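Database features (Swiss-Prot):
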- Asp253: active site, proton acceptor (ACT_SITE)
- Gly91, Gly93, Arg94, Lys114, Asp126, Gly127, Arg177, Arg184, Asp263: ATP binding site (BINDING)
- Asn254, Asp263: Mg(2+) binding site (BINDING)
Amino acid sequence: MTKNNEAGWNLDNSYATLPHSFYTEIPPTPVSSPELVKLNHSLAISLGFNPEELKKETEIAIFAGNALPEGAHPLAQAYAGHQFGHFNMLGDGRALLIGEQITPSGKRFDIQLKGSGPTPYSRRGDGRAALGPMLREYIISEAMYALDIPTTRSLAVVTTGEPTYRETKLPGAILTRVASSHIRVGTFQYAAARGSIEDLQSLADYTIKRHYPEIEDPENRYTALLQEVIKKQASLIAKWQLVGFIHGVMNTDNITISGETIDYGPCAFMDHYDQGTVFSSIDTQGRYAYGNQPYMAAWDLARLAESLIPILHEDEEEALKIAQDEISKFSVQYENLWFLGMKKKLGLFSNEEQDHSLIEQLLKMMEKYKADYTNTFRSLTLNTLENTPLFDSSEFKEWYKLWQSRLERQDESKENAYEMMKNNNPSIIPRNHRVEEALEAAVTNGDYSVMEKLLEALANPYAYATDQEEYCVTPAPTNRPYRTFCGT
């Protein structure tokens, strides 16, 4: 254990108070020559760390799993999951929770090492991670944070000095991931599958205390827990859809109880608007396509409700009815939040009957003309309609007149409407070709400057700054669709 606490470590281990079936205590596997390649200064400060101390060899050794800070209690979490619809017992196959950092404001965050070596849940995996996917998770999770979308975050990336073997030999790395917690829908499925009502209750009680203390007292606390998770996920999925984010692997083990986005493996942001957009190389049926995400979230939440049935009510029929009633509320909550978000994207303060139609007409035209999702709303926000097939079409010009007259009918000024649009339409997103460009420079050439410049731009997605304009350019047309892989 490293005892130098000038770095600011302040660890607790509340997860280890759960029954032992929920985890396995195991130390990380040391690596040969760790090197810090990325540290998140602002996140470090918010967690109560001293960033300069974290750059020292003693702390780099912690990020690499070669040492443990005082108070660490490394463990791999057990969970289950429906992966593309098929149920499996799973667990952290290459990640370890080393503890929960208590911040100066009293908040609690999991500190997890990802790529820290094999665990009892590794199956045939080596427990390691490659540098490219770890940097990719860093870039996209930080972009999501800047977009004000709940997400796990990345504190540090270290290279291990050792190769990782996938299809080819790749440089190894470990990511330090930060999350409100790593409790998933799959964690509840795991408890339910094991058949211990006591364990299921322990997990639910722990989750309420940690994430939803305001529902500690009511009689129907487990129903209230389900309600809160449904609300959080409805809000999260609406936010994904509004910025064109496609997660790619919405298995139940990747749906957090806290409502944070987790697992940035095959995710990507949509370029031209298409409800059927899929990037993941393994999602051959389009199960997790952009337009399917709200439905898949409801499906995943139904699996949570199923897992909770033994503790929702002592009468199984009544418990089933409660579960069905609560799940049925997801679609209405999601639709309302998405619609409200779309109105903001178009500068609409008030309500008019034809607002739904106005939004749907625009989206249909965007799909028909393969218009870039982000740049269409960016152009509307700037009120500069460049020569594109969409903007040149007679049907868009007709729609534009309807939209402008709609803006004129509301009490708020057009100036206020455009300001609201600016705050809800990101000027830039982590476009796939720019992310790949940054990863190629870092992994192949050891040049992190491209990534740093990209991260700097992505940190202010609503700034509409002139020096960001190069990141607004869409990728060159190609016959080869962009594909993502589950490297994270």
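Cβ coordinates are placed from backbone N, Cα and C, and glycine is handled just like the others.
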Distance check against Asn254 (Mg(2+) binding site) for the binding-site residues Gly91, Arg94, Asp126, Arg177, Asp263, keeping those with Cα within 10 Å:
Asp263
Take the Cβ of Gly91 (ATP binding site) and count every other Cβ within 10 Å, whichever protein chain it belongs to.
24
Restricting the comparison to the binding-site residues Gly91, Arg94, Asp126, Arg177, which residue's C-alpha is spatially nearest the C-alpha of the residue listed as 'active site, proton acceptor'?
Gly91
Hey, does DSSP put Asn254 (Mg(2+) binding site) in a helix, a strand, or just coil?
helix
Which one, from the binding-site residues Arg94, Arg177, has the smallest tally of other C-beta atoms lying within 10 Å of its C-beta?
Arg94
Assuming the binding residues for ATP are exactly those in the record, Gly91, Gly93, Arg94, Lys114, Asp126, Gly127, Arg177, Arg184, Asp263, what is the maximum CA-CA distance in angstrom, rounded?
23
Three-class DSSP secondary structure - Gly91 (ATP binding site):
coil
Per residue, counting other C-beta atoms within 10 angstroms of the C-beta, which of the recorded positions Asp126, Asp253, Asp263 reaches the highest number?
Asp253
How many other Cβ atoms sit within 10 Å of the Cβ of Asn254 (Mg(2+) binding site)?
21
